[in-house]
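These notes are about the structure you will find just below.
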Amino acid sequence: MDVNPTLLFLKVPAQNAISTTFPYTGDPPYSHGTGTGYTMDTVNRTHQYSEKGKWTTNTETGAPQLNPIDGPLPEDNEPSGYAQTDCVLEAMAFLEESHPGIFENSCLETMEVVQQTRVDKLTQGRQTYDWTLNRNQPAATALANTIEVFRSNGLTANESGRLIDFLKDVMESMDKEEMEITTHFQRKRRVRDNMTKKMVTQRTIGKKKQRLNKRSYLIRALTLNTMTKDAERGKLKRRAIATPGMQIRGFVYFVETLARSICEKLEQSGLPVGGNEKKAKLANVVRKMMTNSQDTELSFTITGDNTKWNENQNPRMFLAMITYITRNQPEWFRNVLSIAPIMFSNKMARLGKGYMFESKSMKLRTQIPTEMLASIDLKYFNEPTRKKIEKIRPLLIDGTASLSPGMMMGMFNMLSTVLGVSILNLGQKRYTKTTYWWDGLQSSDDFALIVNAPDHEGIQAGVDRFYRTCKLVGINMSKKKSYINRTGTFEFTSFFYRYGFVANFSMELPSFGVSGINESADMSIGVTVIKNNMINNDLGPATAQMALQLFIKDYRYTYRCHRGDTQIQTRRSFELKKLWEQTRSKAGLLVSDGGPNLYNIRNLHIPEVCLKWELMDEDYQGRLCNPLNPFVSHKEIESVNNAVVMPAHGPAKSMEYDAVATTHSWIPKRNRSILNTSQRGILEDEQMYQKCCNLFEKFFPSSSYRRPVGISSMVEAMVSRARIDARIDFESGRIKKEEFAEIMKICSTIEELRRQK
């Protein structure tokens, strides 16, 4: 069918055509190899922005540190990190004046959180720098290792399970003269394989004890490991991101809790809300500015971009902000919150894996670890790398670089938003004391500035004043990358505003399609994505119906489950045809079993099994939903699962979908090759931890417990719970006397074994 494309736009308002400008088909770029170069760039750039600051030496670690605070006022438009303490404090004071009681209330809310948070909060999150092994690990493993080391060094406050008590241990660990840790290492040896008679490398894993003196321990505790940010579109160069270790994480969490609580109360803040709630909040600010600028005033909006936001922020400024925000609070609370910025003022950046060299002629490859960069002859490197290394050398200690200024990506998003909003807040007429005034939106480093004034000169003056005020607190608006427009058209955090936020449905395109988890989850995720886009992104009924048909087609090709009566031949068609022929009610077969598709845009919210249940043959029902089916390793049956979907822009989003466990909810087995590497010991620890937690969850309904810490308490809790449950079941006649006696006997045996151990 030939369509004249101009017909598509006949009755469409211009802003709705945004979805046709979508540039992001295909895969985003991923980084390969080492991130060392990117990290060195970050460290060198950060120091360059603050180069006129004062140099000092950290007495504990011997690290050279640069402090740009209260440095020279800028005389040009170059980005700089010379924030002025008194200006930041004044901005905070005015913010409080405009929002009476905001800091007080947020402190009270945070204090409650601090006293209630369990240490398992730190198991959330992906890769975390594990200081005991000096590399990245899943968060739960890194936490378990840290606690294990703390306990073996006599730090036991963490046993209460409260995060605040774990942090007491962290503080105490920094005063210790030495810490003993267990590290994993691997031995390689060449042996002859009996079968093939070839030489093979055998690896064995060992654990060994190692003592760290105070200085080495402090360096590790203050280290942020770095990686390359993956899947960033629209950039030529990759960049580095940081993962902090367990010592820093807990403190950061509390600071961000406080800042989040403040952001929730600020109408200009684009955090912590998202999606439609965020759009509504932002639309209010725009509406306010437009209604106030009736006929007498002009109103312009800047779609803003800041130069290197976090490299010009400074932890010392955040310390000043926290000191002010918590000024009437109890001493212990002020101390807990000030530790994160203090640790960040003394942070060390781990430079990653180092450089890989290869000689084409001799077919040799060798890794130069970052520890060697301080001493290696620079003649082996190319010119740009040589310059980088020369610049960073004075900052190197044990393969990490001292990085006092700057914040590293994504650490204090909420708190830096508070700083940005405090400058937007100064735009009220009572503060500008002139004819122009401004307001705007801030979300981490992204901002939109709305300026109102009687004439163009006033607008220009307002923008200049805003620009200079920002400079005073270390925010550098980029004049090259920001643009100004009549209010009513601007972009903020990838939302495009034109007389209201425009639904840019094409941003969600990458998340349409088959996820590849398993047949059951993929079907559910696929229809949920379509449903969500109908709700949130103006996906119209006709387009949705088409998306659904394309999805089903895609799904059938992926899992080779074409309808039982189709002519298409695949590896599965023989079995599916047989099933089709012996099924009485063919409409009841799932799509993944060669059945027809019963979905349309009205019933996307119903899981397929429920949609077809009444139509299924009885024996098919019995096979499909049979927990005893030996071929299925069942996931836990939860009513809601989470899938990770990738929009074109911004971070991966978590999306909930209904999960009905059937024989199609299989889990692919893990790749076995990991078992031959040094990760093996860690993997076993992790599986052990998972097993314990899963077992524990069987005993306690999810409402009544928080994930435990420390094995000792878990066993006792499970035994006593088993006894109580058994007694109740016995008295109500649910179990027989013999079963009750057997349970009691098992419980006693477990306790006996623990006593012997």
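Cβ coordinates are placed from backbone N, Cα and C, and glycine is handled just like the others.
Residues 214-215, 218-219, 222, 346, 348, 394-395, 397, 402, 404 of the same chain lie 6 or more positions beyond the ends of the compositional bias 'Polar residues' (55-64) yet place their CB under 8 Å from a CB of it. Under the heading compositional bias 'Polar residues', Swiss-Prot lists 55-64.
Residues or ranges marked as domain 'RdRp catalytic' by Swiss-Prot on the basis of sequence analysis: 286-483.
Applying DSSP to the region 'Disordered' (50-82) sorts its residues as follows: 0 helix, 8 strand, 25 coil. Per Swiss-Prot, the feature region 'Disordered' maps to 50-82.
If you look up Swiss-Prot, you'll see 249-256 marked as region 'Promoter-binding site'. Across the region 'Promoter-binding site' (249-256), mean pLDDT in this model comes to 97.
If you look up Swiss-Prot, you'll see 187-195 (among others) marked as motif 'Nuclear localization signal', on the strength of sequence analysis. If you look at the motif 'Nuclear localization signal' (187-195), the same-chain residues 6 or more away from its ends with a CB under 8 A from one of its CBs are 201-204, 206.
Summarising the annotation, Swiss-Prot assigns motif 'Nuclear localization signal' to 203-216 (among others) and lists sequence analysis as the type of evidence.
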Residue distribution over DSSP helix, strand and coil in the region 'Promoter-binding site' (249-256): 8 helix, 0 strand, 0 coil
For the motif 'Nuclear localization signal' (203-216), the number of residues DSSP places in helix, strand and coil: 3 helix, 11 strand, 0 coil
